[in-house]
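Asks: The structure that follows is given in the form of structure tokens.
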Amino acid sequence: MPSLWHRFKLVDFRYHLLLSFLIHLALIHYGRYHDESYPVPFTDVDYKVFTDAARYVANFESPYKRDTYRYTPLVAYLLLPNVLLCDYFGKLLFSAVNIVVALLIREIVRHNLHEFERYRQSCDVNKLQIVDDRSIKRRRKKHGKSDVDISADFAMILSLYNPMTIAIATRGNCDSIAGVLVLATLYVVQIWKNSFVAGILHGVAVHVRLYPIAFSLALFMHLSEFAFYSHSHRLSAVVKPAKGKNKKIQLKGGENALDSSCRRTVFKLEYLYYLIPNREQFKLVVGCITSLSTLIGAFYLLYGEKFLHETYVYHLTRKDTRHNFSMYFYLQYLTAGIKNVGFWQNLLTILPQVILLLVFSVRYGLNRLSLNFAFLALTIVMVAYNTVLTSQYFVWILVILPLCVWQIQMSKKSALFLVTIWFIAQAAWLLPAYFLEFQGHNTFMFVWVQSISFFCANMAILGRIIKCYMVGKVQKVS
């Protein structure tokens, strides 16, 4: 007899979409009651900033007349109905975007699974087939879903019922807009195979939030003529088989590697040739530059240097000298009164992050089945190494994570253990932060120590995910 969880997964995905949206609506309604009844509001403070900026736009004025509005004018334009219709329209919009995010996740995972199946069948039709047509028909007849649909729906469910993404959207935070643009870029580049449109979407995503710019190299590598499906697939295409005793070595991961003369590393001279753009890469770059420059140019003409400073410069130079999750916050606190911070300090702050971004972009961007995982690894690195880190940044990770679950070979116990470690590390940070913020105690040193612990937890989780990531196998969803 199937378990309740198994039955829940077999429910038609459209009912999941409806149920999730109803949960969003219920929380929006509760938020209105909470704001009227309690001194600490449920609604995000930025939501009022968005609404005030939209009010300025409705009066044909600059949204940057509203203090602390540090977003693209597009957000104020999208929230004009907050002023013209009802004040909770933005929350409805962000909730609807969450549903679109889940739909995109489902379609991308379905496509990835089918693409992976075709690749496995091309390697060995008899042995490496995920599910044959008869198996699909039997399962559909019995359960109404194929294995591919179950895996895709599971990824969608992880997004639809994630309490953090639901809470952030219903509180009025706009980060879901950047998330849907990132997923739309992945959808277009992988399913539509339209590099120019993908470039346009990528440019819009970078305009809305700066962090998607870190995905640029991975996207560029994915469209390279040298991109491959697996390490052994690339070697067989570019290297002739060696003769002698050390012809091939079988690795545990199922990949074939040649002898030590062909080491697995991203630091290869041949990768410099990959930077020479082909036609698809050129279209991606042109599309990105076109959309980004058009938006920047148009808004600069409308709002001048204030737009550039609040939308881009502020976020590039932002410092939080009070406290946040970043391990760099205490350094910023101690050097807050120093006008000329040394060059080496700035360099050493960003250098580890830049190196990891380059390595992961090349390592996973060149694998046609690993683009989603490249985005996940890059996002975790950006969030963990950022000089300012707040809770809303975790949404960037949660948007990408469901895309990669089907390829992560990890037991339920291991996954639960990692999640527990992450929450414990965050709770350990919140305790001294509470005494600092609300009790006025000098706990800066303790907050900093817990920030380092939280960083180590994030890096340990990333390392474990990378170790369990298997592009050559499919994680069976139980």
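All residue numbers here begin at 1 and follow the chain in the order shown.
Placement of Cβ uses the backbone N, Cα and C atoms for every residue, glycine included.
According to TrEMBL, the feature transmembrane segment maps to 12-31, 88-109, 174-192, 204-224, 284-303, 343-362, 369-385, 391-408, 415-435, 447-466.
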Asks: Can you work out which residues elsewhere in the same chain, 6+ from the ends of the transmembrane segment (174-192), have a Cβ less than 8 Å from its Cβ atoms?
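Replies: Same-chain residues near the transmembrane segment (174-192) but 6 or more away: 46, 50, 71, 75, 78, 90, 94, 97-98, 100-101, 104-105, 107-108, 111-112, 115, 165, 168, 198, 201-202, 204-205, 208-209, 211-212, 215, 219, 222-223, 284, 371-372, 375, 392, 395-396, 399-400, 403.
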Asks: How about the transmembrane segment (204-224) with the transmembrane segment (343-362) - do they touch, taking at least 3 C-beta pairs under 8 Å (6 or more apart in sequence) as contact?
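Replies: In this chain the transmembrane segment (204-224) contacts the transmembrane segment (343-362) - 3 or more Cβ pairs sit under 8 Å.
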Asks: Are there three or more C-beta pairs under 8 angstroms joining the transmembrane segment (391-408) and the transmembrane segment (88-109), sequence spacing 6 or more?
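Replies: With 3 or more qualifying Cβ pairs, these stretches touch.
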Asks: Given a Cβ distance threshold of under 8 angstroms, which distant residues of the chain, six or more beyond its ends, lie next to the transmembrane segment (415-435)?
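Replies: Contacts of the transmembrane segment (415-435) (Cβ under 8 Å, skipping residues fewer than 6 from its ends): 323, 325, 441, 443, 446-447, 450-451, 453-454, 456-458, 460-461, 464.
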Asks: So what's near the transmembrane segment (343-362) in sequence-distant terms, Cβ-Cβ under 8 Å and 6+ beyond its ends?
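Replies: Non-local partners: 214, 217-218, 221, 266, 271, 274, 328, 331, 335, 374, 377-378, 381-382, 385-387.
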Asks: Are there residues at least 6 beyond the ends of the transmembrane segment (284-303) whose Cβ is under 8 Å from a Cβ of it, and what are they?
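Replies: Long-range Cβ neighbours of the transmembrane segment (284-303): 62-64, 72-74, 189, 195-204, 206-207, 216, 219-220, 223, 277, 311.
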